[in-house]
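Asks: Found this in TrEMBL, in case it helps:
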type     : residues : note
TRANSMEM : 98-116   : transmembrane segment
TRANSMEM : 128-150  : transmembrane segment
TRANSMEM : 171-195  : transmembrane segment
TRANSMEM : 238-256  : transmembrane segment
TRANSMEM : 271-296  : transmembrane segment
TRANSMEM : 308-326  : transmembrane segment
TRANSMEM : 355-377  : transmembrane segment
TRANSMEM : 415-435  : transmembrane segment
Amino acid sequence: MTQRKWRQVALYNYDEARREMEQTLRAYDWEEIKPHAHSQDYRAFFLRRHAHAQQIVRHTWSHSFEDTVLSQSLAVPSLALLVGVLQKRNHMPTCGTFLMFFGAQSFLTLYMKNLLCESVVADGLKGLPAPFAITALQQVISFLLLVLLLKVSKLLGLKYEPKGVTSLHQLTATVGLAACFVLNIGLNCLSLSLLDISVNLAIRSTAPFTALVVNMAVSSCSTSTAQQQSKQHHKSAAYILLILAGTLSCAAVAVAKSKSNTADVGINFNFVLGVSACSLSIFFASVELVVVSKFVSDFGFKLNPLDTVLHVAVPAALLLLPWVFFYRHPVSWFREEAMTDWEVLQLAANLNPDVIWLALGSGLLAVGYNIFLYSLVQGFSPQMAALSSNFNKVVTVCISIGLGVEHMPRHPWNYFLIGAMVCGFASFAGIGFLTQAQAASQKQKAEP
């Protein structure tokens with residue numbers, strides 16, 4: 001999209017941009033516009049806004065950072081990380097690990113939400129709605145950073161040899177894993193740019209439901225003993241009831257958030273697209289886990305996180321290129337204008353090149369988060385990790401609402417939203433405890 005066309009398209013919401021507009025208008029000479037003597041102040045402001053729309057107003061890095069709530073949003077997760085480190089050093093490993101897990105997960109979620117929706121590109125243009133391009137940048141940066149670390153480790157005498165792909169089956173599985181990863185992370189970023197954090201995290205919490213569906217489908221087509229045992233486990237009545245309760249509660253969260261603070265009762269296409277993208281994202285996340293298990297069971301090819309990034313990053317970035325250049329999706333900048341990620345990046349780089357550094361920074365955070373999370377959860381049981389993840393989602397939503405990143409729906413949907421969130425997250429936390437209890441029971445039966 002050219003600058004000339006951008007000037008002609010109505011901005012998404014002038015009311016929300018008024019503060020930024022007023023700051024820019026202070027630079028104009030009041031004598032340039034001479035309204036009628038009986039005109040009101042709002043008339044002068046309207047004329048100045050019209051004059052401002054004919055110019056491109058550039059922002060700097062300081063504007064991109066100070067005009068958002070990024071620093072406030074990241075303060076709580078950063079503090080949790082710091083306190084967690086201190087707790088680990090003070091011989092309180094469980095509490096410290098729990099706080100560090102919360103800090104790392106919430107930090108990345110809030111950073112990505114601010115990058116996609118709140119970072120200032122220009123006056124009236126907030127957010128960098130290029131989800132697939134940002135995902136591709138993250139993969140490229142992760143790959144380059146890990147290659148650099150491997151080179152440095154060799155110079156320091158710390159030799160590490162990544163596993164190589166030695167067969168066509170392994171290559172096919174690697175490409176399949178990259179495709180699932182692209183559809184998981186890319187669609188999740190797209191939904192995060194269109195939905196509030198509460199809806200996105202509520203839908204992401206239904207991962208046990210999609211995992212149940214995928215595992216049941218795989219078990220019905222498999223004759224292995226492990227898969228049949230997994231199928232019998234998933235037929236537990238309590239397990240299925242908890243999953244259904246959690247899934248219905250998360251659907252109620254989406255319904256409550258669809259009730260805006262206005263009297264608008266029409267169907268929001270962007271909201272429907274965001275919910276659909278997030279639902280597909282968690283489905284492909286479950287398929288991704290199946291592909292990873294196939295690596296081990298069928299090919300004997302077990303990858304650690306470092307090898308996974310090295311093998312998957314480049315194919316994932318290549319698979320994302322068609323989405324970056326050809327897929328046109330709604331953006332928050334304009335009312336009825338769909339753009340490709342490449343067009344978004346071009347316009348953002350022209351108006352405020354510094355905002356691109358925020359996108360590049362997300363790549364460093366992503367690779368650091370994945371390595372940190374893998375080493376962190378080694379001391380967690382899968383059930384405790386699931387419980388901690390649900391707790392992190394609740395607190396992240398509270399931070400988002402408290403800082404004004406999103407708003408509660410109108411009465412009485414606000415109470416409906418709170419109740420649905422509590423019920424949903426509690427149901428999925430109960431699944432973790434149930435799984436842990438069943439595992440302990442089976443272990444006792446197996447002992448002589």
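Counting begins at 1 with the first residue displayed.
Every residue, even glycine, has its Cβ placed from backbone N, Cα and C.
Unlike curated entries, TrEMBL annotations are predicted automatically.
Map these features onto the structure and tell me what's around them.
Replies: Distant neighbours of the transmembrane segment (128-150): 115-117, 119, 121, 160, 162, 182, 185-186, 189-190, 192-193, 306, 309-310, 312-314, 316-317, 320-321, 323-324, 327, 329, 331-333, 339, 341-342, 344-345, 348, 355, 358-360, 362-364, 366-367, 370; these residues of the same chain sit at least 6 beyond its ends, with a Cβ under 8 Å from one of its Cβ atoms.
Outside the transmembrane segment (308-326), and at least 6 residues removed from its termini, the chain residues within Cβ reach (under 8 Å) are 130, 132-133, 135-136, 139-140, 142-143, 146-147, 162, 165, 174-175, 177-179, 181-182, 186, 340-342, 367, 370.
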Asks: Checking distant contacts: for the transmembrane segment (415-435), what same-chain residues at least six beyond its ends satisfy Cβ-Cβ under 8 A?
Replies: 198, 202, 205-206, 208, 236, 238-239, 242-243, 245-247, 249-250, 252-253, 256-257, 382-384, 386-387, 390-391, 393-394, 397, 408-409
